[in-house]
Each structure stands twice: as structure tokens, then as C-alpha cells.
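Okay, structure first, notes after.
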Amino acid sequence: MSPPSLIFLVLSFIAFNPSNAKQEQPFSINIDNFLDKIYLWGGEAQSQILISGPLVLAGVLCFIASAISSAGGIGGGGLFIPILSIVAGLDLKTASSLSAFMVTGGSIANVMCNMCITSLKFGGKSLIDYDIALSSEPCMLLGVSLGVICNLVFPEWLITVLFAIFLAWSTSKTCRSGLMLWKSESDQIKKIGVDELEKGLLENETVEERKVLAVGHVYKENNEPKDVEVPVPLLSPQGNRKVRIPWLKLMVLLLIWFSFFSVYLLRGNRYGQGVIEMEPCGVGYWILSSVQIPLAVVFTAWIVFRKESLRDRTLMQEITDVKVAAVTKNRPSNILLFPSMALLAGILGGVFGIGGGMLISPLLLQVGIKPEVTAATCSFMVLFSASMSALQYLLLGMEHVEAALILAIMCFVASLLGLLVVQRAIRKYGRASIIVFSVSIVMFVSNVLMTSFGAIKVWTDYESGEYMGFKLPC
């Protein structure tokens, strides 16, 4: 299903949703009723989840959205929240809590595949760049907390404008990167003569008459090597190769996750919901909130300087890891670039109410990280932030836990399906640009949905005389 048809289906369903209409009314299109239904997205919708046609349709759309989002390694919260709020008629709080579980389920599927499947293109290594995740995760978690505060302070119209501008810029840049990568891949395919190679195999030769090595050399009957690069599959399970998991880095990431989660759990939210009794937005609340700043600084400084120290020790050693060479070739030398990008993505994610994966993915692509590495690393980072949000909702007395688990399992299956389809397409066509275009599609649809209905909500608030200025965080 293409993005325009998906948007049209959502808008059409809102306009003719029979579940919210009165039976005695004739079939007609009323723009005021339409705007009222759109306004439900702002928080006045039903909070009780009942099995109905709209909910089933929302589940189908979320399944499709999760499959598409998984290809780019982003969570898909920018699609789940509008679909659940508009199509299913859920209030924004319920939709956000369900979205956290859905993103977690999809991220688990992505991380499981990316950790267990190696890539011949990167020397038989996993696609997840644990160094980027380590240096980025503390600042991203800090940025989310700062962004949530900004979300409470900023007026709705400013949030909508910022969201539209940033996501439009990100979508444009990502599409441009995808087109450039597609062109580069096309030129490479023409240069290495893949078409001629396949034609020769079909017409004059058999598979046994050629020996194709993964290093890119083709040997013909005279045993003379011909220097051509044969595209190897991006993702390929290696039966005789043991996947190496950096357990130390995983333990550090879990320590970072647990540290921030403990602060969130002790602090609670601005309504006083937490594991300890605390005055909402009191002195203790803000002291615990400010603890996140030294946590992020200490973790980031320790990770960055330890990495630089290890790099200095091995500076004179010969680098034989193909993945390291490929990834670090285009990696910027500024050691604070990744933490800075993660902080920006976290702040914007908190302001806009979506995950940071959709925002940090285009930033990583812009600094030259390979698309396949970007997708795998972003999905890995999204798992930590999404699982933290899901557990907070659960421990603070979230309703509809069964529905959240069902939707999480559904997104788990959808992400597996989407990832397998993308892997097969990349193996067949040798184009990693498919990942970039998947990210562009998700960002474009999210921008259209959330900006359009955010603008309608702003207009409704303006007509009703609501306060349109800056607010206090409590």
C-alpha cells in the first residue's frame, strides 16, 4: 500500500466512521463534524478499548506501518499514535502508552535479527554499531527528558510548526541521500558488468565454469583473474561463523538504561505518580530530574575517553576488519558529534511526542554512516528508549495491558515480516538504498498525518478561545 493511499484511507475513514455517528442522521458530509472528530485526537476521545471495526482497521494499518518502519530501523511511533487516535478513536494518553509497547515489540524483532545475522558486505560482522549506540544513548535519554519539559511549556502551534519544518527538512535530505545512493548503486552495477556476467552464465557457461569469490575476483577458464566486484548479499546467515556479541558493551548500555529508569521511576510524573510519595513538581521532583544531567555527562565522557584511549593503543596495529574500515571511513573525527546528534534527536523527540529513531536516523545518514548500519543501530537504540517508556507506563498503573501486549506481539510479527522482505529485496537487487527510501516513506506519512491534524487542533483551540501562549511546566 503506497503512502498516498494510506493517507487517503485514514482520512476517508474519519469522514465516514459510522461508530461515532447517530443512527437517525442521514448520510452527509459535515465539515464541522469532521473537525470535531479530528479534535478527538487532542485528548477528548474514548479511553475504553472495545473490539470494533475501527479498532480492527487501526490494527491492520499499524501492522503495515510497523512492517515499513522496521526496514528503516525506526520505531514507527509517528504513525502509530495518529492511527490509534484518529481511526480507533482512542485518547492521546492511551494511544501513546500503546504505541510505546508496539515500538518495543517491533524493536525486539529488529534487534534479534540484526544480532543473529551477519553481513558478508561488512566482513561477516553484525550490522549494529555498538560504539555509536554507547556514545549516543545517554545523551538521547537526557534529551527526551528535556524535550518533554519543552513540550509542556511550548504552545501547540509552535510544536506543530517545528515538527513540520524539521520533518520536512529531514524527509527532503533523506530522499536526496536515497536518490544519490540509488544512482551510485546503478553506476556500480553498470561498471562491474553484472548484466553481462549473468547473461554469460545463461547462454554460454555453467556455474561450474566460473568461481566467484566473495572478495570480488572472477576466474574464467584460463584461470586468469578479472578484477570486477561482484555484489555480495547484504545480509546472510553464516552457519559456520559464530556471531560475536560484545557483552561488555551490552552491560554498559544496560547500566545506562537502569540508571535513567531508576530516576524516572523515583521521580514519577508531574501528577505525582511514582514509587515514592513526592510533591508533584516540587523541589524533590526537580532535584531528581536534574540528576539526569550529570548521569549523561559522566557516562558519555567515560565512554568517549575510554574509546579514544583504546584507539591510541591500537593506532599502530594493522586494521583487518572490513566492517571497521567501511564504517569508520566516513565517520566524522569529532568525538562529540554522535552525542550531540543524539541530544538533539532526543529533545526533538520529547517535544514532538515521538521516539528518537525517526529523528536520529536521517542525521546518521547525513554524516556518512552506511544505510544498513544506520537502520540496525537505530533499531537497537530505539529498543532501550521504547522499553523504558513501556515499563514506566506499566509500573505506574497503566490500563489495557492485555491490549498493549497483543499489539506488541502484532508489531513483532510485522517487523519480522518487513525485515525479511527487505532483506530478500536487497539480496536480489543489491540496493541498500531501499532502507533509505523506507525511512523517507515513514517520515513523509508521519509529517502529513501529525502536522495536518495538529494544525486542525490549533485552529479549533483558536476558535474556542483557548490560551495560545507559553505555559508553565506544572
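Using the three backbone atoms N, Cα and C, a Cβ is placed for every residue, glycine included.
Per TrEMBL, these features apply:
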- 1-21: signal peptide (SIGNAL)
- 55-88: transmembrane segment (TRANSMEM)
- 100-120: transmembrane segment (TRANSMEM)
- 140-169: transmembrane segment (TRANSMEM)
- 247-265: transmembrane segment (TRANSMEM)
- 285-305: transmembrane segment (TRANSMEM)
- 335-361: transmembrane segment (TRANSMEM)
- 403-426: transmembrane segment (TRANSMEM)
- 432-450: transmembrane segment (TRANSMEM)
Contact ranking winner - 100-120, 247-265, 335-361, 432-450 against the transmembrane segment (140-169), Cβ under 8 Å: 335-361
Beyond the flanks of the transmembrane segment (55-88) by 6 or more, those residues with Cβ under 8 Å of it: 1, 6, 9-10, 13-14, 37-38, 40-41, 45, 49, 94-96, 98-100, 102-103, 106-107, 109-110, 352-355, 357-358, 361, 374-379, 382, 386, 407, 410-411, 414-419, 421-422, 434-436, 438-439, 441-443, 445-446, 449-450, 453
Ranked first among 100-120, 247-265, 285-305, 335-361 for CB pairs under 8 angstroms with the transmembrane segment (432-450): 335-361
Annotated stretches the transmembrane segment (403-426) and the transmembrane segment (100-120) touching (3 or more Cβ pairs under 8 Å): yes
